[in-house]
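Let me begin by presenting the structure, written as structure tokens, before commenting on it.
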Amino acid sequence: MMFKTTSLNNLEILCDGPLVSSLPQSYFRSSSQLSNSHGPGFAKVNRRDGAGGWAPVESNKYQWLEVDLGERTEITAVATQGRYGSSDWVSSFLLMFSDTGRNWKQYRQEDSIGAFTGNSNADSVVQFKLQQPVFARFLRLLPLDWNPNGRIGLRLEAYGCPYKSDVASFDGSGCLLYRFGPNTTPILTAKDTISLKFKTLQNSGTLIHTEGQHDRSLTLELHKGKLFLHLRKGTVLITSHMVVSLGSLLDDLHWHHVAIERVSGHVNFTVDKSTQQIQVPAELSPFEINEISFGGVQCHGTQMVLSRRNFHGCLENLLWNEVNVNDLAKQHQKGNVTFTCAEPVSVPVTFAGAQSFLQLPGAALHLQFRTWNRAGLLLTFDLQQQVGSLWLYLSETRVRLQIHKAGRILLDIATGFGLNDGQWHSVDLTARRGRLTITVDEEESSTAHASPSFPVVSGNNLFFGGCPDSKNNQECRNPFNVFQGCMRHIHVDNNPVDLIKVQQMLIGNYSDLQIDMCGIIDRCSPSHCEHGGRCTQSWSTFHCNCSNTGYSGATCHSSVYEQSCEVYKHKGNTTGLYYIDVDGSGPIKPQLIYCNMTDQTWMVIQHNNTELTKLKASSGMNQHLAYFNYSADAEQLGAIITQAEHCEQEVFYHCRKSRLLNTPDGSPFTWWVGRTDEPQTYWGGAVPGSQQCGCGLQGNCIDSDHYCNCDADRKEWAADSGLLIHKENLPVRWVVVGDIQRPESEAAYRVSPLRCHGDKNFWNAAFFNKETSYLHFPTFHGELSADISFLFKTTASSGVFLENLGIKDFIRVELSSPMDVVFSFDVGNGPFEVRVETGGMALNDDRWHRVRAERNVKEASLCVDAFPGATQKAPADGHIHLQLNSQLFVGGTASRMKGFLGCIRSLQLNGRTLDLEERAKITPGVSPGCPGHCSSYGNLCQNQATCVERYNGFSCDCGLSAYAGPFCQREVSAYFKPGTSVQYTFKEPYELTRNTSTQSQSSSIYSDLTLRGENVSFSFRTTQSPALLLYICSYYREYLAVLLNRNGKRQRDKKKYRSIFLFTGPILEDFNLTSDTEFNAIKSVVLGKVQESGELDPEIARLNSLGFSGCLSVVQFNSITPLKAALLYPNTSPVIVTGPLSESTCGSSSPANPYPAETTHPLSDHSGTVGTGEPIVNAIKSDSALIGGVIAVVIFVILSALAIIVRFLYRRKETFHSQEPKSIKPEADSPEYPFHSEPTSQNVLSENQKEYFI
């Protein structure tokens, strides 16, 4: 087995020598021994001396075996063995270490695993290499479990090598100074390092202070158990200051390693196993050190503005660039500094569990405690003379004292605040002369008094932390939470309690305590909360507050936002502002971006200067520099551009006597710089490196001798514009305009926003057509946090989506049955499984389904579509690192489980998309891409639209719909004035057989001209009545008219009739109008005023002369959509538009998006509501909508009584079978024409008008 190597005078040696086997028996101690032959001195691996090893009198959890190595030693491994020739062995144990044989510290694997796995028999040796070496003199092993058919039996060995230690001890008043002399002033190098170790019981003090040139200084300060690194410029006036914090609970009287490494423009700050990289501002770098002070700042002759406490404790191995400065600094010491480490005696005790308590005899007391919990019992005892019971406890981070008797509170006082911060806090409880006092941290402001009417004198026993677990125990009762934390400096009757005697059962009583150690752990340092989540903790766990971060989950790992506008679109969302998190759970922050949801989904990134900027010649100005600050930062922009299929940015340059690129052979006057930070000398419409504009590439410049219009240098205004489409150079970050110094020069430029469309990640897919086929990728690295998300569709009943194996660890996601998805893994605590069941809904329906699995140090979760997710908590003190070493298998498995048949799409691991398509191109049995998206997304196409398959996604064909937009959800509306007319003209009858529709917009242009039924639908909004809304006529003088009546009466005449009524409301009413006879050879459909009014019925002509004033929307006559044809296809449709007409939103009556948005956590620095599915809107509109709705209901009741639509079918058919034409006689029950009253005056369309739907 290989061990860590240690450098000694540039000679590499192995640090793996045995440390225990050669020690005399006097160097071994134990809690007890079964007999002299079972003593601790016989506990040496592979030795048979005595009874073959150590065995205690009793086998319980309070036993221990201790070894004194003689001096501080570097320990790299330990080994255990059972007692020779017996059934005695230890199956699990804790490993403790100490410098003095007091104040023990537990060795932890991965900062969470305390227990080591021991032996399974008495003979084999089990050896553990320590992940981090231990530097200590004393080792102690505490058995946790042993052979149930035997007893505790143990032999021990440790491996390592000697450790060289130079120490200095500081008493809080002294310091050491190392000053570089004239001949030793350090040369400014690319790398400088300061390193040391320290130990202390004080939670504050200055460890290092350096002075450098140009008033720069560096200070390393311990404050409340944390290390703070200060970088400053200035002495009396601090002009620049940067501070970084690292570490926690460093006042535990154990050695902690610190290193400060300057490399070029950044600093690496290391405390124990945590490192933070700091980017140093230019004003604080470079940093040349003139002198270094250890232990305080008073060693410097200059007057410092810092008012810091000096360090009280020990420093070890002070190194500057690998040079030990201990000896060099001794000649410049100030105050009391010694060069041995004198440690104060402090014996803490840990209350770790629900059964922990300490029982002591005595009365008045003083103690110190530290904890993370907000509540817990500190002390309880019964008062003499049966006065009652006293409880001293933590409640909502305060110390509270209550005295109870028979369920009544006789006394209740509290003091202190925020006492669950992990720091040591003192509590003094005194009762003198009828006055009861509680003091916290010896501060007058944290003192509470009471004057009870009864004596406060304790009975026989004090109980700390909790009570004995006994139903018959009447002396101690705890109605509060147990205390979990550490105590020390316990004084009873003004005398310190010897906790070592308590451990030896010589005084008092206890249960489930760890004496002579404080086992508190800071679970928030380093924090496992990601993306700025705020970490809070209790004794046994931590919690992440993800509010206002844009992330969710137990560790704020998963983004609540989508990764592109494309994803939002395919969730049914429409144009608006959305938060985009380009890399999902990766480090890039979410950004608010405008999504333009057209046929192509555009992401639009604005910058600070999109307006046209004009430039004129100015004295002293040779160049103009314009910098563009985008709404997204450089990292976000790079990720957006890389992910997009296409990006573009339009640039404009208007010129008069101002040359652009100085073509063909001159040096460019104007250039721009993109994200590569390299000057680009081509303009929009050209290619990189060409030094051309778009006209030069197309060969149509105004002067053929130049490649840009502006390079002709004419006095007339000219322009060069075009699109920059090469993604590697986008976006335009700044532009330099050069030819503006001549008196006649004028120029103007504009750079449009960056636009990108497409999402290569979202549609990246592979089809697995064999169970034995798979794709392989490099090992997945998700040691502490791992999230896996993808979409799949299949017809198979089961299969493995992906799998990655380690030596023992693994991670796997699989479809175990048509209705079960399973996420399984092992990080060293045994296999875990999280399962989502779909409740009878099959997932092998050949539709896309979304899977998201996440595993972190707190829990594992699995979500499938919108089904209820599943979560499983991680063990409180289990392994947390996922260690994998094989290739990642996708669509198959290395363990020969059943592979996957079907499609996998958009596979992302920790926010990074795997390129399935590229790998599938070279893999047998796997095909790139996966068609068939309409089965999953077709329901997004609304209003009779048709879903059309595309290679990457789908589109909605709105050809048969009166609506438009990406999902055919946008109402096509227009506001009509009295003179506005839209006439849709059909082909002549004899051309009928040659004009069937084959185009996507066919329903807007052509239709069958012989009808047996008419389906008319539209909505309108107007204040005019009566009015002619729609008119249809044929080549045979038949017509159909839709009119709005004024008086609401329906009359009949003797003609054939069909009548319909107009009902108002927010729902579109479709009416099928059928006729007894065919409506042949339709000539035209007219909206608004009929221009050819020569043959109109007189009454209709009278209404037509007024025109129509109002809004028409989503007009459809059978398959004809005349208004849509006029607005969207005016050049290809047979429409004639007279008067003003433009598309309007006047017909919109409800939100276009019928799909509810997901609830998310909006970032707090933007107003309005921002979610995964809802664009930002003004919140005031919701109130307006409510008020408007009430008004609309009132108007609806009034107008519904007035509005009637009567449709006339007037049939005039000329025949030539005889000389006299035959007239058509009206039937006796035909309605009379209802429009006899005078029309009302025309009113302006207002918000109070109601919209009607037919």
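Cβ from N, Cα, C; glycine included.
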Based on what TrEMBL records, which one of Cys903, Cys941, Cys947, Cys956 is disulphide-bonded to Cys930? Cys903
Contacting positions for the domain 'EGF-like' (520-557) when only residues 6+ beyond its ends and CB under 8 Å are counted: 111, 226, 246-249, 274, 350, 352, 370-374, 422, 484-486, 579, 581, 585, 587, 589-590, 784-785, 787, 854, 856-859, 861, 876, 1160-1161, 1163-1164
Taking only the Cα atoms, work out how far Cys341 (disulfide bond) lies from Cys903 (disulfide bond), in Å, as a whole number. 67
Between Cys930 (disulfide bond) and Cys314 (disulfide bond), how far is it from one CA atom to the other, in Å? 66
Rank the disulfide-bonded residues Cys314, Cys341, Cys903, Cys930 by how many other Cβ atoms lie within 10 Å of each Cβ and give me the one with the fewest. Cys341
Run through the domain 'EGF-like' (520-557) and tell me, per DSSP, how many residues are helix, strand and coil. 0 helix, 10 strand, 28 coil
Per DSSP, what is the helix/strand/coil residue tally across the domain 'F5/8 type C' (15-161)? 9 helix, 69 strand, 69 coil
Determine, to the nearest whole angstrom, how far the Cα atom of Cys903 (disulfide bond) is from the Cα atom of Cys314 (disulfide bond). 63
